[in-house]
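Have a look at the structure below before the remarks.
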Amino acid sequence: MSAFEEKPKVFDETLSEDAALEQLGYQQELKRSFGLLGMIGFSFSIVTSWTALSGVLIIGVESGGPPIMVWGWLAVCIVTLAVAYSMAEMCSAYPVAGGQYSWVAILAPQRWARGFSYICGWFMLIGILAMGAVNNFIGANFLLGMANLSHPDYTIERWHTVLVAYLIAVCAALSNIFLPRFLDKISQGILVWNIVSFFVVFITILACNDHKQPASFVFSTFQNETGFNGSYCAILGILQSAFGMCCYDAPSHMTEEMRDARKQAPRAIVMSVYMGAVTGFIFLISLSFCMGDIESTAGTTTGVPVIAIFFNSTGSVGGSCALASLIAVIVLFCANSLMAEGSRAVYAFARDRGLPFSSILSKVEKKRQVPVFAILFTCLIQIAFNSIYFGTITGFNTVISIATMGFYLSYAMPLLARILSYLNKSHTTLEGPYSLGRLSLPLNVVGFLFLMFCVITFNFPSVKPVNEENMNYTSAAVGVVMLIATVTWVFDGRKNFTGPEVGSAERMREPEVESEPKVE
């Protein structure tokens, strides 16, 4: 028998989405209301790279300035596509709300698949839930920043930011519980708002600004406000780009609410990355040309450098607030989408008995067909993350690092499982409509190496000298997650955690035939 032998497809092409889900060992409980356009809007509202970059612009401004932001963004987007295509292929083959941890359970070598899947599930959850908290921070910063710009005598306090972030989380939770049937329409509407706002914002600041920075400032003048040397500073600056290009796994967690999920969810994953790459690149260049003095932009009393750039360009408080409000609306709707994504991930992991109180968190309210307890749990954890800002001035940056670290680790684990399965020739055929063929392994390797580089970078301190207030506590947070995962695995997970079921172990691990790409 040859090293690569063709094996049966996991799913017959004629199977319905519900039947495909049942083959994985689950019953359809959520309502399938999303189409492709709605899911692209949903995913892009979360990825929305240009608004995400504006929310964390302070990191890039202080860590390398415009050159690192612009060129770092291009580099990150290129290697991100390797990850996105790899995940799209897995999502097409296994369209289940568990996403990354479910793929690990199926693809990893059998003897350690369950444990590896369990750890991946914890990092996936911590990433999604922390990212929701980051978005709440960004929304609060924009709202309070506009208040400060309109009333310069108003001083923003940390507790103001935390309380507004709480309010955003609660509103998102209530929307998810009581308005679930409108989620697809809302997503379609915010897609239009997102694109129109993008053009309005970058065209306005370029047209109004009559004192633009020279091209050398944008593309070659290095800025360093970190206190570290230039090389270290440049590596730190990549964190902004890594954060801006994140969360593109969102459609995989909504597959059980999509029509034709095996085709449309992978498309939504990849399209959101392409859209984010283009809009983010144009927006970063526009902001860099319209940026005033670096120190005044970074130290703006609004707390949001992009608002300072708007004011520097328009010279108008009203005009600046109008532009900022366009972004604020996107961020607030993103909170709604992240609450949905987070709750579905919690629901899926609890359904596989991966969490304490799984029987409660996996319940679906029959009338609205939404996991109410999972939504409330997601809201509570987001609020807990937002509370970190009470204790440390770098709490915002810390939660950003925790969120991005959680996502990137959970992205890396299925890629690692796939690579290891190739090495011991136990790899599983990914026979979904969205297949990479011979390109699968190279893209898996490139994506994995990029993710590992980022994971290491996220643990670095961002300001020198380092003290207890500005220390990067990401590694400590990751250690806590690992401790929780290990303890719960020992006392509960190893006995109760299930994961998806796809045929017999022998069938799932027969060798795979190499084929040409057939991405549709």
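Residue positions begin at 1 at the first shown residue.
Cβ atoms are placed via backbone N, Cα and C, with glycine included.
Over in TrEMBL, the protein carries these features:
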COMPBIAS  504-520  compositional bias 'Basic and acidic residues'
REGION    501-520  region 'Disordered'
TRANSMEM  34-59  transmembrane segment
TRANSMEM  71-94  transmembrane segment
TRANSMEM  115-138  transmembrane segment
TRANSMEM  158-179  transmembrane segment
TRANSMEM  191-207  transmembrane segment
TRANSMEM  227-248  transmembrane segment
TRANSMEM  268-289  transmembrane segment
TRANSMEM  309-335  transmembrane segment
TRANSMEM  370-390  transmembrane segment
TRANSMEM  396-420  transmembrane segment
TRANSMEM  441-461  transmembrane segment
TRANSMEM  473-491  transmembrane segment
Range from 71-94, 227-248, 370-390 with most C-beta pairs under 8 A to the transmembrane segment (34-59): 227-248
Same-chain residues near the transmembrane segment (191-207), Cβ under 8 Å, at least 6 residues beyond its ends: 37, 40-41, 44-45, 48, 50-51, 279, 282-283, 286-287, 289-290, 309-310, 313-314, 319, 323, 326-327, 329-330, 333
Chain residues outside the transmembrane segment (115-138) and at least six past its termini with a C-beta under 8 angstroms from it: 51-52, 55-56, 98-102, 104-105, 108, 161, 165-166, 168-169, 172, 243, 246-247, 253, 331, 334-335, 338-339, 341-342, 345-346, 349, 352, 354, 378, 381-383, 385-386, 389, 396, 399-400, 402-410, 413-414, 417, 477, 481-482, 484-485, 489, 493-494, 497, 499
Tertiary contacts of the transmembrane segment (370-390), as residues 6+ beyond its ends and Cβ separation under 8 Å: 30, 129-130, 132-134, 136-137, 158-159, 161-162, 165-166, 169-170, 172-173, 176-177, 180, 339, 342-344, 346-347, 350, 360-364, 396, 398-399, 402
Criterion met for the transmembrane segment (396-420) and the transmembrane segment (441-461) (at least three Cβ pairs under 8 Å): yes
Most Cβ pairs under 8 Å with the transmembrane segment (71-94), selected from 158-179, 268-289, 309-335, 473-491: 268-289
Tertiary contacts of the transmembrane segment (227-248) (same chain, 6+ residues out, Cβ under 8 Å): 43, 46-47, 49, 52-53, 56-57, 59-60, 63-65, 68-69, 72-73, 75-77, 80, 84, 87, 128, 131, 134, 269, 272-273, 276-277, 280, 338, 341, 400-401, 403-404, 407-408, 454, 457-458, 460, 462-465
For the transmembrane segment (309-335), distant same-chain residues with Cβ under 8 A (at least six beyond the ends): 45-46, 48, 51, 54-55, 132, 135-136, 138-139, 142-143, 145-146, 149-150, 168-169, 171-172, 186, 190, 193-194, 197, 200-201, 204-206, 208-209, 287, 290-292, 297
